[in-house]
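Annotated features in TrEMBL:
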DOMAIN    B:128-416  domain 'NADH:quinone oxidoreductase/Mrp antiporter transmembrane'
TRANSMEM  B:6-24  transmembrane segment
TRANSMEM  B:31-51  transmembrane segment
TRANSMEM  B:111-129  transmembrane segment
TRANSMEM  B:135-152  transmembrane segment
TRANSMEM  B:164-184  transmembrane segment
TRANSMEM  B:204-225  transmembrane segment
TRANSMEM  B:237-257  transmembrane segment
TRANSMEM  B:269-292  transmembrane segment
TRANSMEM  B:299-318  transmembrane segment
TRANSMEM  B:361-383  transmembrane segment
TRANSMEM  B:395-423  transmembrane segment
TRANSMEM  B:444-464  transmembrane segment
Amino acid sequence: MNEAQLLQSILASLPEIWVVTAACILLIGGLFVPKGRGDVLVLASVAVVLIAAAMTLMLAGEVRPAYSGMFLADRFAVFIKVVCYLGTALTILMSRRYAEIEGIERCEYYVLLLFALTGMMIMASATDLLMVYVGLELMSLCTYVLTGFMRTERRSNEAALKYVILGAVATGVFLYGVSLVYGLTGTTQLDAFAASAGEGGADTGLALAVIFIVAGLVFKIGAVPFHMWVPDVYEGAPTTITAFMSVGPKAAGFAVVLRVFLNPLVAASDVWIIVAVLAVATMALGSFVALVQDNIKRLLAYSSIAHAGFALFGVVAGGADGIASVMLYLLIYAFMNLGIFGAVVMMRNGARSGEAIEDYAGLARSHRVLALLLLLYLFSLAGIPPTAGFFAKFYVLVALVDQGFVILAVIAVLLSAVAAYFYIRIVMVIYMREPSGAFDPALTPGLRVVLAVTALGTLGIGLFPAWFLGLAQQSVFGG
Amino acid sequence: MAVPWLSLIVFLPAAGAALLMVLRDDAAVRWVALSVTLADLALCLGLLAGFDGSTHAMQFTETRDWVPALGIRYALGVDGISALFVFLTALLGVVSVLASWAAIATRVKEFMVSLLVMQTLMLGVFAALDLFLFYVFWEAMLIPMYVIIGVWGGEGRVYAAVKFFLYTLAGSLLFLVGVIVLYFQGGRTFDILALMDGDYPFAVQAWLFFAFLVAFAVKVPMVPVHTWLPDAHVEAPTAGSIILAGVLLKMGAYGFLRFSLPMLPDASVHFAPLMLALSALAIVYGGLLALAQDDLKKLVAYSSISHMGFVTLGIFALNIRGLQGGILQMFNHGVTTGALFLFVGLIYERTHSRSIADYGGLMKVAPVYTVFLALFTLASMALPGTNAFVGELLVLSGGFAVSLAAGAAAVLGALLSAAYLLSMYRRVALGPARVAERHEVWDLNARELAAALPLAVFVLWVGLYPKPFLGIIDASVSHLLAQVHGQEGGP
C-alpha cells in the first residue's frame, strides 16, 4: 500500500477512527468527571456520535474503497451507519436518569456504547469476511458487558452469561465458515470469493461454508433457529441496552447479511429457499410466542424476532427493491422501536418497574400525550397506516410480489395480523383499563428529545415516505 | 379548479380534531365538533350543487405526486356513486356528534377527536382515486374505531373492539396483497382509473376477486364473516353504531362497486351466482336471527346483515335496476339504520335497558319519539312512500331478472323484516305504559329532534321523489355496467 492509498484509506475510515479515538479520550477524561455529573458524559458522547455522523455524511459523496479492498465506504454503508448513529444517540439520550435509578451511571457505560458503535460501523463497511469478524467481535464484546452492567442484579448477570456463551459459539461457527471459505477459495474477500465460487458452480464444501457463515449472522439478527438468547437477554439487560441491541446490532447484522447474500453469486443460487424458510419460521415464532407474554421487555423481544422475520422477506426478494426495502425497514424500525423503549425506560421510576404490561393500565387517564405517543408506536409496529411501520411492510411486500413471491407475501401479511393482536392488547391496557395507582414517569429532557424525534420519524416517514424511499433506493449497492 | 374542494371536505374534520386537542372545556369541545361537522356538511352540499350528473367522469379531481418512485399519487375525485356517500358520511357525522352530546360524559375531548379523525378517513375512502391512498384511509380507520368501541363502549367493549379489529385487519391485509399484485399487473400504477382500463387474464382476476372479496365481505358484512358485527354494534356507543352501520358497512359494498366490478369484470360475472347465493343467505339468515332477538341493538344489527344482503344482491345482479337499487339502498340503509341506532341510543340514555321485554307503551309517555320511531321502523321494512321501498323494489326487479331463487329469498327477507320490525315496534311503543313505572322517560328534546329531523327528511324525500338521487348516480351506474359487460358485448 503506498502513501496515497493509505491516505485514501484513512479518509474513508475517518468516522471510525474518530469514534474510537474519542471513546478512548472519554474513557480517561471520564475519570475526572465528578459523581452526579452524568449530563457531561451524555452530552460529550452524543457530540461524538453527531460529529461522526457529520463526517460520514460529508464523505458520502463518492465510493471509497480502502485497506486493499477490505473496507468500503459506499452509500449503503452510509445509510446503515446513519441508522446506527440514530440508535446510539437516542440510547445515550434516554440513559441518564435510568442509569441513575439502576445505579449503573459510570463513564464506561457510554464508552462501551461508543465502542459497540464502532463495531457496527466496521460491519456496515466491511467487504472482507475477516473485517466483518473484527466488527462483529468488537460490537459483541461491548454488548456482552453492557448486558451484565447491572452487576448486583441476578437477571442481568444471567443474561450476560447466556449471551456470552451462546454468542461465542455463534462467532466460532461463523469463523469456522470463514476458514472453510479461505481453504476452498484462497480468499476471504466477498467479491473475490464470489467470483471464484461462480466458476466452480455448486460446490458442496462452499455451500457448507456459507451455511456456517449464515448461522453466525442469523444469531446476530435474532432469527430462528438461533433466536433463543433474545428473550432472556432482552429481559435481563438494562432496558436502555435492550433498546440499543434491538436497533443497532440488528441493523449491522442485516448489513452483513445483505452484503453476503446479495452479491451476484449467492443471489443466483438457491440460498433464497433457506432464507425464505427462516423468514417464515422467524416471523411465525415471534408472532405466536409474543401473544402470551406478560412482561413488556420479553414481548418486545419476541416482537423484534417477528420484525427480523419480516425484514428477512426483503432479503428473500433480493434485487434493488429488496435491498432497499430491508434498509428502509431498518430505519423505520429504529424510530418506532426506540420510541416504545423510550416509554418503557421512562416508566422505570420509584416503585414501578415498568416491565409488566399491567403497569401501563389506565395510563391514558392521566398522561394523554404519552398515551397517544405509545398508541402511535404500537400501531406503527403493528403496521397500520398512516404510520411508518405500514410503509416499511408495504415496501417489503412490493419487493416480494415484484419477484413473484405472492405466496410468501400472503404468509407475511397473515402473520402480521397475528402480531397485530399483541400490540393492540397493550393499547387496550393503556386506554381501556382503570389505573391502579398514580403514574410518575421519569420524563427527563433527554427522553423528551427521544420521544419527539421518534414520534416525528414514525409519523413523518408514514405520511411523506417519498424522500426516505428515494434515499434507500439510491443507497443500494451495485444497483 | 383553483380551490381543492374535496381536500377541504376530507381534511376539515381532521383540522377540527387538531383544534379540539388544545381546548379544555367539554362544552366548547362539543360545540366546536358540531360546527366542524356542520361546516363540512355545508361544503358537501356545495359539492352536490356543483356536481354534474350527466357524466360518469370523475369530478372535482385533484392530483399531486406523493411517492413518485412507486407511482403513488395523492388523487381525489368523485363520480356519482362516491358523491352520494361523501354526502351521507358528512350527514351522519353531524348526527353522530348530536347523538354523543349527552351520552358521552367521560373523556369528551378524546371521543370527539376520534370521531372527527374517523370522519376524515371515511370521507377519504370515498374520495380517493389512488389505490394506495384508498388503502391508507381504509386501514387507518381501524385505529379510531378501535378506540371508540373499546373506550366508550358497553360492558363487553374490549372483546368487541379486539374482534372488530382483527377481523377487519385480516381481511384488509389480503386485500393489500391483492392491491400490490394488481399494481404490477396494471403496469406499476395505483391510479384507480387506469387500473379500471386494464385487461387482466381470467386466472389473475379470479384470485384477485377472492382477495378483494375477503376484505369487502368482512366489511359489508356477508355471511359467514359477519360475526364481528353484532358484538361491535351492540357494544359501541351510539355514535359508533351509527358510523358503523351508516358508513363503514357501505365501504364493503363500495369496494365491490369501485374495484371488483370495473377492474375484474370477467371474474365478477363468473362468480356472480356465488355472490347472489351468499347475498340471499345473508338476507334470510340475518332476518331469522333478528327475529329471535330481545336486545334492541342486536335486532337492528342483525337486520343490517339482512339489509346489506339486499345491497350485494342488487350489485351482483349486474343489471341496471339491480345496481341502481343496490346503491340507492346503501344510502337508504345508512339513513334508516343510522336513525334506528340513534333512537335505540336515545331510549337507552333514559332507561339504561336495551331489552325489548322491559319496554311497552312508550307512545303514552314519549309520543314524538314513537312517531319518529314508527317512521324509521316502517322505512326499514320498506313501506311504500319511504326510501327503502324504492331501493328494495329496484333490487327485487333486478334480482328476479337474473335469478328466481335469489328474488324469492329477497321477498322472504322482506317478509321477515316486516315481522321482526313490527313486532319490535308493538312491544316497545304500544300497550300499557309499563316502562314509565320504573324509569323517568321524557320525550325528545330540541337537540335530539335536530338529529332526527334531517334523517326523516331523507326517508320521505327518497321515498316520494327519488329522481334527484337516481339522477346523481345514473350516468356512473350506466358506465359501470358498460365496464362490466364491455368485453362480452352488452348484458
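Including glycine, each Cβ sits where the backbone N, Cα and C put it.
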Please determine whether the transmembrane segment (B:237-257) and the transmembrane segment (B:395-423) are in contact (criterion: at least three Cβ-Cβ distances under 8 Å, sequence separation 6 or more).
no
Which sequence-distant residues neighbour the transmembrane segment (B:361-383)? Criterion: at least 6 residues beyond either end, Cβ under 8 Å.
303, 307, 332, 335-337, 339-340, 343, 346-347, 389, 391-393, 414, 417-418, 421-422, 424-425, 428-436, 441-444, 449, 452, 455-456, 459-460, 463
I need to check the long-range neighbours of the transmembrane segment (B:269-292): which residues 6 or more away from its ends have a CB within less than 8 Å of a CB in the stretch?
202, 206, 209, 217, 222-223, 226, 298-299, 302-310, 312-313, 315-318, 399, 402-403, 405-406, 409-410, 412-413, 416-417, 419-420, 423, 484-485, 488
Any residues 6+ beyond the ends of the transmembrane segment (B:299-318) with a Cβ under 8 Å from its own?
220-223, 226, 229-230, 233-234, 241, 245, 249, 252-253, 256-257, 261, 268-269, 272, 275-276, 278-287, 289-290, 293, 324-327, 329-330, 333, 337, 340-341, 344, 356, 380, 388, 391-392, 394-395, 398-399, 401-403, 406, 410, 413, 416-417, 420-421, 424, 481, 484-485, 491
By a Cβ-Cβ criterion of under 8 Å, what residues six or more beyond either terminus of the transmembrane segment (B:135-152) are in contact with it?
104, 106-107, 110-111, 114-115, 117-118, 121-122, 124-125, 128, 158, 160-162, 164-165, 168-169, 172, 175-176, 179, 232, 235-237, 239-240, 243-244, 248, 251
If I count Cβ-Cβ pairs under 8 A between the transmembrane segment (B:6-24) and each of B:111-129, B:164-184, B:395-423, B:444-464, which range comes out on top?
B:111-129
So what's near the transmembrane segment (B:111-129) in sequence-distant terms, Cβ-Cβ under 8 Å and 6+ beyond its ends?
6, 9-14, 16-17, 20-21, 29-30, 32-33, 36-37, 40, 58, 61, 63, 75-78, 82, 85-86, 89-90, 93, 96-97, 100, 104, 136-138, 140-141, 143-145, 147-148, 151-152, 191-193, 237, 239, 243, 247-248, 251, 254
